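Chemist: These came from TrEMBL, pasted as-is:
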- A:7-25: transmembrane segment (TRANSMEM)
- A:31-50: transmembrane segment (TRANSMEM)
- A:57-75: transmembrane segment (TRANSMEM)
- A:81-103: transmembrane segment (TRANSMEM)
- A:110-128: transmembrane segment (TRANSMEM)
- A:160-177: transmembrane segment (TRANSMEM)
- A:208-226: transmembrane segment (TRANSMEM)
- A:246-270: transmembrane segment (TRANSMEM)
- A:277-295: transmembrane segment (TRANSMEM)
Amino acid sequence: MSDKYKKILMVLIPLMIAIAMPLIVTDNYFRGIFIMTLIYIIVVLGLNFITGLTGQMNLGTAGIFAMGSYTTALLSTKLGISPWLTIIGSIIMGLIIGVGLGYPSLRVQGVYLALTTIGFGEIVRILISNFKFTNGIMGIRDIPAFTIGSFSFDDKLARYYLYLVFVVIMGVVAYRITNSKWGRLFKAIRDNYEAVQAVGVDIAKPKVLAFTLAAIYGCVAGSLYAVHMEFITPSVYTFDLSTTFIVMMMLGGIGSVPGCILGAVVCTILPELLRDFGNWYWIIFSILVLLVILFRPNGIISFLKTRKKSVKEGVK
Amino acid sequence: MANVLTVEHLTKKFAGLTAVNDLSFTMKERTIHSLIGPNGSGKSTTINMCTGSLPITSGTVKYRDEIISGRVLHEVASRNIGRTFQNLKLFGSMTVEENLMVGMQAQMKDGILKFLVSPASAKAEEKRANERAMEVLDYIGMYKYRNETVANLAYGQQKLTELGRSIMTAPKLLFLDEPAAGLNPSERVEFVKILLKVFDDGIDLFLIEHNMDVVMNISNYITVINFGSKIAEGTPKEIQNNDEVIAAYLGSQFKKK
């Protein structure tokens with residue numbers, strides 16, 4: 001089979017599974033888990049730009065996610081703006097965060113950048129917990145659902161398919177960027193930023209771009225989360241959530257778009273399947289994660305990848 | 001012939017140590033200019049200052065008529081000044097082809113929005129870069145290794161990849177920091193052939209090198225430094241007969257009768 005057909009199948013099969021899943025599993029609780037999976041896929045696809053490809057550790061994704069959620073929640077409940085339009089608000093918020101967090105982060109690297117981003121996440125959480133207009137720790141309730149005319153996406157099945165459309169669009173964009181000159185540049189910065197400068201590229205711009213993409217994806221996912229939950233509180237957006245996103249990316253395959261999708265799916269659904277083990281399920285899940293990271297550092301996706309041609313095979 | 005590079009009173013101090021001290025020299029157009037000297041004499045520091053990798057303490061560096069001292073690495077590079085590094089700086093996780101394609105990045109002007117809304121334009125831009133990469137790969141004899149991950153290659157091939165990436169930036173002046181170091185004799189011969197081809201194609205070369213066979217055979221002009229200061233300059237023949245250079249660096253076996 002040619003590579004082209006293999007690629008088409010690699011997209012079609014997971015997409016068909018994604019379309020069929022909520023029809024096969026009709027339990028509303030599990031449909032809710034599937035929706036959460038879609039939301040997390042978007043976050044991890046964004047995180048992949050900055051941490052997976054560019055190699056800049058971002059441990060403040062929960063803060064970005066919160067900013068998206070609160071943008072939608074506040075705009076729709078306080079100003080009565082349509083949830084569709086609040087998505088645009090979220091994208092603008094992502095731009096602001098990307099530039100606001102991206103430029104200062106040019107001065108710090110490695111563990112210092114990790115600490116800076118943790119600081120960002122915590123500042124956001126503390127602020128939304130204390131501001132009056134965000135309703136403090138009580139959170140915001142009655143966030144309206146997406147509607148088209150008289151049709152409302154408040155049913156979980158309809159909402160699942162709507163969110164799947166978001167995932168497909170954002171997944172295609174992520175895939176295109178990753179496999180373009182931008183993705184190549186992000187990886188080059190990760191491998192050796194001085195060599196990138198030596199070919200005449202100011203690394204500030206691509207770094208800020210990667211931060212901005214991560215922030216836009218995180219904020220849009222945050223918006224979808226707020227609409228899905230209808231009620232949000234600051235207690236969700238913790239440092240734990242940021243590390244969960246990192247685990248999803250590492251487990252699936254750092255730097256790879258299909259890997260990120262797979263990681264988000266496994267990390268969201270597997271704990272639910274392991275619930276029968278009672279209190280042991282987190283330990284079992286953690287051991288599985290550790291084993292994958294230890295023995296397949298390129299993630300679960302590396303099981304599916306074929307070996308590249310060796311030097312000898314490449315020589316004609 | 002016009003001056004390509006003019007270095008005037010260049011000085012670099014690291015805390016108490018003066019690595020380069022009041023160094024002045026000029027490099028003429030269409031020459032291969034070498035900078036030689038013992039280990040620790042300040043050669044790499046000089047290149048690093050000229051290319052903006054290292055801030056200078058005092059003095060000026062001029063590329064043709066423009067002062068480039070005070071500019072950072074990417075600003076210098078964007079003036080068609082390429083460089084390679086003493087310790088190779090490659091994108092280890094990427095293929096040879098991808099490494100070269102990054103070399104073309106600054107010339108690929110399409111922004112992210114244009115990229116997203118106009119796939120055809122993005123494709124055309126990528127195709128142009130890819131075609132150029134294939135030409136350069138062929139030029140440096142690395143075409144057959146194009147799909148190999150750089151980290152898996154032998155040292156000589158990695159050096160060629162770094163050179164190829166610099167050529168992709170379409171430089172007019174290329175700084176090479178010890179290009180022949182670590183190469184076996186046959187690799188060295190091949191590498192020198194490629195360097196001469198690069199020079200013949202219109203790229204002026206400034207190199208630091210310890211291998212005197214390479215330096216004396218391909219250089220048009222040589223500047224010698226010791227303890228950060230210039231001790232001699234001239235043609236290879238003049239340098240080989242300079243008593244101070246022989247005493248400080250070359251040794252008597254290089255003296256030309």
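Quick reminder: no glycine exception, Cβ is built from N, Cα and C everywhere.
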Chemist: Give the one range among A:7-25, A:31-50, A:208-226 whose Cβ atoms make the most pairs under 8 Å with those of the transmembrane segment (A:57-75).
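Modeler: It is A:208-226, which has the most Cβ pairs under 8 Å.
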Chemist: Report yes or no: does the transmembrane segment (A:246-270) come within contact of the transmembrane segment (A:277-295), defined as 3 or more CB pairs under 8 Å with a sequence separation of 6 or more?
Modeler: yes
Chemist: Sort out the residues at least 6 away from either end of the transmembrane segment (A:277-295), same chain, that have Cβ-Cβ distances under 8 Å to it, and list them.
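Modeler: Same-chain contacts beyond the ends: 247, 250-251, 267, 270-271.
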